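Data first, discussion second: the structure below is written as structure tokens.
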Amino acid sequence: MSTNNLKREASNQAAKPNNKRAKNSRQRSDKRATKQPGQPLDDRREWTREWAGLPKSSDITQSGPKLPKRKCAVIIGFCGTGYNGMQIQPHGNVKTIEGDIFVAMIKAGVISPDNSTDPGKVRTNHSSEKTTYVFARAARTDASVHAAFNVISLKMIVDLPDTPDIVEKINEHLPNHIRIWGFVRTQNSFDARTSCDSRSYEYLLPSYVFIPPSPWSNLGKRLKSSHPFWEGVDETEDIASMMTRKRAYRIDSDTLDRARETLAQFEGSHNFWSYTIGKGFRDRSSQRFMKKLTIQDPFLVEGNEWISVRFYGQSFMLHQIRKMIFMLVNVVRTGTPASLIPTTYTDLPIVVPKAPGLGLLLEKPHFNVYNSRVKENNEHIDQNAGERINKAVEKVHKQKGKDAEAGKSDVEYPSDEQIKSETTKQINGDRRELIDFVPYEEKVEAFKHEYIYKRLRKEEVLGNVYSRWVGMIDSHEGQQLDYLNPEGVITESAIKAGKKGVKGGQNAQLDSADNSGVKATLESDDEDNYDKKALKSGELEG
């Protein structure tokens, strides 16, 4: 078949729905529809107040007056190991970061008792809308993904009696690997997700992943691979000895330069449909803008060399960064030209597996546009502060004069100083703080090293996560990865293999080296494991 015909056929496939998948989906839906009321939708129980540890409505007794709620941006950080992502999943009884935070906020009193039975009651949007959970979040991270900084928005009680430090109070009810760093009052229109204009991620990986495939592996044989690292190595060598060799490896400057050249191919605006799931080539939401991508100089920790890859982009889709890491690493280690990367943005369907979730960290979301708007608003308030105070004083004087003319002599009026003080208080209340991470950076650095980096390194050493991952790639017998070749072309065999999963063309077998400790079903690229609405909108990240 000619290349043009091949492209045309691939384009038609990308545009057409996957009938087999649709049929299977309908069958699943039909099976679920036959379930009795109250039964789970599948093998997982539905999320319930009882399971989450929330009180029943009948248990709530109102003590004291209702306290006012204020719109806030809450700045958080967490180690995602053992969690099924950031946002609660109402379809199953799985552990999430927001689930723990919600319960901690109830115990701390910033969410009132009458709102504690239903997370939807403290939704930031209109109360009449049917909602599934409380928070809007700047980045909805996937299972096992960590965050140095993330932001959630909600209405909460900020003035608690006998509670000088709300942040400390909430943290008392959270595990040490989840922290509230602080909060700021925001404009009422603030939504953490829609107000976030870009995000920064870091991916950490040991440098030995860049070692070329062994000459006896399937991938090594196809590429006729040879490298000094493998000279004198016996393929029957035990795992402990092999890992000692790998961890003693130090990446050379040429390989590092090629990695940087390859990573640069991802910068700019591209169609990343092959780097996520649930999207076709013509899906406009697959277009993403990568602002700046960098590879830091290698660094040593306990004798192991690590590399930090930084991603700064407008937004990311589910698995996008992990799939970009796969492509980066394997293009470099197989000697595939960096020119392959631009061809992956075309309509040719290919399989792009994921790198382990272990090394992915959300550094921080950015609110540049929102902060600019807040600055302008605060400046406007300050410029008009004097006039506003004078008008308040003048208003009382006028009323005082009218009352005198009417013969009212028993009316008490505040003094000018009292008026100025009260108006100044109102002016200060109208100002809003910027969402600024700088005050927390020292604490966050310590947290990252203690609860993220240390755990990451421990899991890598105990589970040989990255070695198992590249071993899985190198031993794969299919043709999905035939685009890794010295010519840097997407071959007909790779396209045919990719058509089997035309929307992103994925293969869970190639992802199974991830040692995240989370259910395998939730780590696969099966679209049915994810919130369809969030998947379609591109809200899921990592």
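Glycine is no exception: its Cβ is also placed from the backbone N, Cα and C atoms.
Taken from TrEMBL, the feature region 'Disordered' covers 1-66, 398-419, 500-542. Marked as compositional bias 'Basic and acidic residues' by TrEMBL: 1-10, 530-542. According to TrEMBL, the active site, nucleophile annotation covers Asp142. Positions annotated as substrate binding site by TrEMBL: Tyr201. Under the heading domain 'Pseudouridine synthase I TruA alpha/beta', TrEMBL lists 264-367. The compositional bias 'Polar residues' annotation in TrEMBL covers 506-515.
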- [ ] Report the mean pLDDT of the predicted model across the domain 'Pseudouridine synthase I TruA alpha/beta' (264-367), rounded to a whole number.
- [x] 95
Task: Residues from the same chain, set at least six apart from the ends of the region 'Disordered' (398-419), whose C-beta lies under 8 A from its own - done: 389, 392
Task: Cβ atoms near Asp142 (active site, nucleophile) (within 10 Å, other residues, all chains) - done: 25
Open item on the list: I'm trying to understand the geometry here, so how far is the Cα atom of the residue listed as 'active site, nucleophile' from the Cα atom of Tyr201 (substrate binding site), in Å to the nearest whole number?
Closed with: 13
Task: Residues of the region 'Disordered' (398-419) by DSSP state, where helix covers H, G and I - done: 12 helix, 0 strand, 10 coil
TODO: Just give the helix, strand and coil counts over the domain 'Pseudouridine synthase I TruA alpha/beta' (264-367), going by DSSP.
DONE: 28 helix, 33 strand, 43 coil
